[in-house]
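A.B. asks: Pasting in a structure now, in structure tokens, and then I'll have a few things to ask.
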Amino acid sequence: MNKLKFLIILFITFLFNLKYINSLKQCKISVLLSGDWSDMGYNYQMNNARIKAESALNLEMSLCYKNLEVSIDLAKQAIEDSIKKGANFIVISSSVHTSIGYEYARLHRDKDIYWLIRGRGRPVPDDLPKVAVINFNTHLLHYTLGLVSGYLTTSGTVGFISPGPQILALANSNSFYLGALASRKNVTFLNAYTGSWYNPEVAYKASQMLISNGADFIGMSQDDMSVQKALMDSGKMALGITGFSNRLIWGSDIALSYITDWSDVFIKYAGHILNDTWPEYTDYYTTLAEGGSLLFDTFSYRVPSEVQKLVSLEIEKLKNSSYQPFRCNPMYSQINLNFDSNGCANDMEFKNTKLLLKGTDISKTINLGLYTIPIEFVDYSNSMKLGLTIVSGFCILFCIISMVLVIMFRHAKIIKSASPIFCLLILFGCIIIFSGCIIFSLSPTDGICGARVWLLSIGYTIFLGSLLVKNWRIWLLFDNPKLKKRSITNWKLYPFVAGILAADVLILALWQGLGDIRSESRIGIDSLTKYQYANVCSSNDQGSVALYILLVFHGIKLLAACFISFKIKAVDIEEFNESKPIASSIYIITFCLFIVIPLMVSPQSVASQVITIVVCAIVTTLISISLLFGSKFYMMATQGLALNQTFATNTKSSSFSLSLEKQKSKSNGLEFEDSDESEEKLPQIKNYSNSEIPNLQHNHSRLAHFSSDSCTSAEQDSKLDLENQNDENEIENNQNNQNNIVEDCQKVEKLEKDENLEKDENLEKDENLEKDNENQSIIQKKRLSKNFNQSEIDPDDV
């Protein structure tokens, strides 16, 4: 029986506790912030209060929405999302969203949802019993900091930055001015607007404007410290006006900070919800009194002790809510405010005024209005432009000096072999390239966008085109297996250079005409802010296609240069062989392309792209001309000019062809065809006395001088000596390796004695050699060998 009674009592107790637990309300906080909770200011303090309340009351969770000032729609979405997630205590922390808070409070008035809304008064009509209004008395805080500014200013000018009358009335601006006026009677006050609670860039720039006008202390109604950062960046002391203890971050640079602690407010009203004791139609007024959510931090040691004492005395007075020097001042009659019986401006008129006080006889106020950041043009840095211009100018000077040297020493053997006129064309093309680099470093305009591509492209075309054509001639002369007489003058080569240049100009014209090449201003590129812009070159899709074709065209020229470099690598006369410089130049250009192309594709700033292109153009061009001409000038300096000397070779890597014709009526010796300085021709051989053509044992051909010594068939070796009878004739005997020219030649038929020959000698005849019985000159084909004597070529112009 006793057990039954005990169980009944236990069951009743359980039901009672269960009913009590169910009767307890839950509280889920949702805070709407105008800015970011990491601003170390007002939004940070609000979010910090949410966290403290959640911890103090053991709440399961709470919500926070940030950066809602950007859009009213975002604030509405945040409220709807909060209600959807079960929040029943919604805090509207910014006066920007006051009306939205009242709107949704009315929309959900029948629901068990409570509201804490920052505003300047209760809603009209006041039909929202579950709404508590925070009256944030910032005026006394700004008055105090204005007092500090008036004491500390050295310029006599202070300023204030606020969102503006369309967002926030000018009560804070007037309060700050009255505080500064209380400590300095002749103070000058500057006022400016940003149009927003949170716009760091505009606030910073507006502060710089006030500083440039003499302000050394600036108050503000902003959610971050951008204004004070501008002061500190200029070497001045700042004020802590965000509700956070800013000295914890910036130390002694902060003269004084006010602090807001909203945790007591959050805990108080959340407790009312949990205990079901919500006070209807209430207002919360912030004060400097104990528990009033407002207090001042400690002074910086840089603030004089006398100033600290004076300000501290004023703070003690302000703890009495009846002491309101920021509102009770006869100067408000300047802006037609009404006064109460205590001599203070009407509270609502004071809080809502959009007019700035006019100052006194010795103190003036200047309203600079809404500040907007001017759109700033950002050009390439002067150091970049100056550096690229100087380097390019030095390279142009190097090319000009090289051109002068080529002209002065055009008769030197090493310069003749390189064709002076084409050397000048190559250097001229390089000058155009370096000029294009200078243009490339300038700020883009419609003209510059086209000119820089034209100059670089035409410069490379003249440079590579001249190099290709002049070495193509070397290849043709040395690669002559049929021993044809070839006369390739400069005038025959000019059309090829002109043709390559014409193709380049045609592609460029298509690019210019179809591509809509222009300079346009863009914002938001690279590291630019939304208030900065830069000029960039642009084109349409057709222009891009034409540009790709142009790149392919230049790529083909590089491949052609590779091919010709390979074909002339066997030329054994050093003065003619430019295979190594050409190959090295191509390697360098290709290497730079492997650097440039990935960099151009990868994200990088426009300035970085310009630097990459220009530096690669300068490096490749400068190294190329250094390889081509540096070695020539060095040989001239170390080995002499070698004027009117012959070219010589004693290697076996090249073969030369010689056309021999019998001339019966002329004297013995070697005769060359007449030619101008730019013409290359093969020599012609006249009558030979007491000579025979030797047996070609090594399957090589060469150009040699025939002597009058007899040769026997037993020796099978002859010494050949060709005597030059015409010093004015100009030739270029250039041929490539020909191993198969004389493989079937074992013996050469004996030459019929000329009337001037003194004796005949018989040579062994090869069974496989055709006889020439018509007393004609026999074509001699010989290749140089290490075992043969040295050959000589007359060095006129090649």
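Sequential numbering from 1, following the chain as shown.
Every residue gets a Cβ built from N, Cα and C, even glycine.
Among the features that Swiss-Prot reports, topological domain 'Extracellular' is placed at 24-388, 441-447, 516-545, 602-609. Annotated N-linked glycosylation site per Swiss-Prot: Asn186, Asn275, Asn320, in sequence order. The transmembrane segment feature in Swiss-Prot is assigned to 389-409, 420-440, 448-468, 495-515, 546-566, 581-601, 610-630; the stated evidence is sequence analysis. For 410-419, 469-494, 567-580, 631-798, the entry in Swiss-Prot reads topological domain 'Cytoplasmic'. Swiss-Prot lists 714-771 with the feature coiled coil, giving sequence analysis as the kind of evidence. Residues or ranges marked as compositional bias 'Basic and acidic residues' by Swiss-Prot: 752-774. Feature annotation from Swiss-Prot assigns region 'Disordered' to 752-798.
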A.B. asks: Are there 3 or more C-beta pairs under 8 Å linking the transmembrane segment (495-515) with the transmembrane segment (610-630), counting only pairs at least 6 apart in sequence?
C.D. replies: no
A.B. asks: What mean pLDDT score does the topological domain 'Extracellular' (602-609) have in the model?
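C.D. replies: PLDDT averaged over the stretch: 73.
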A.B. asks: Whole-number Å distance between the CA of Asn275 (N-linked glycosylation site) and the CA of Asn186 (N-linked glycosylation site)?
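C.D. replies: One finds 55 Å between the Cα atoms of these residues.
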A.B. asks: Should Asn275 (N-linked glycosylation site) be counted as helix, strand, or coil on the basis of DSSP?
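C.D. replies: Coil, per DSSP.
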A.B. asks: Quick check for the class: what is the C-alpha distance, in angstrom and rounded, between Asn320 (N-linked glycosylation site) and Asn186 (N-linked glycosylation site)?
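C.D. replies: Distance between the two Cα atoms comes out at 28 Å.
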A.B. asks: May I ask you to report the DSSP-based helix, strand or coil state of Asn320 (N-linked glycosylation site)?
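C.D. replies: The three-state answer is coil.
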A.B. asks: Reported in the order helix, strand, coil, what are the DSSP residue counts of the topological domain 'Extracellular' (516-545)?
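C.D. replies: Here the numbers are 5 helix, 13 strand, 12 coil.
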A.B. asks: Please list the DSSP helix, strand and coil residue counts for the topological domain 'Extracellular' (441-447).
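C.D. replies: Reading the DSSP string over the topological domain 'Extracellular' (441-447) gives 2 helix, 0 strand, 5 coil.
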A.B. asks: May I ask for the residues of the chain that lie six or more residues beyond the topological domain 'Extracellular' (516-545) and have a Cβ under 8 Å from a Cβ within it?
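C.D. replies: Contacts of the topological domain 'Extracellular' (516-545) (Cβ under 8 Å, skipping residues fewer than 6 from its ends): 201, 205, 373-379, 443-446, 448-450, 453, 605-607.
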A.B. asks: Across all chains shown, how many C-beta atoms besides its own are within 10 angstroms of the C-beta of Asn186 (N-linked glycosylation site)?
C.D. replies: 12
A.B. asks: Can you check what DSSP calls Asn186 (N-linked glycosylation site), collapsed to helix, strand or coil?
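C.D. replies: In three-state terms, Asn186 (N-linked glycosylation site) counts as coil.
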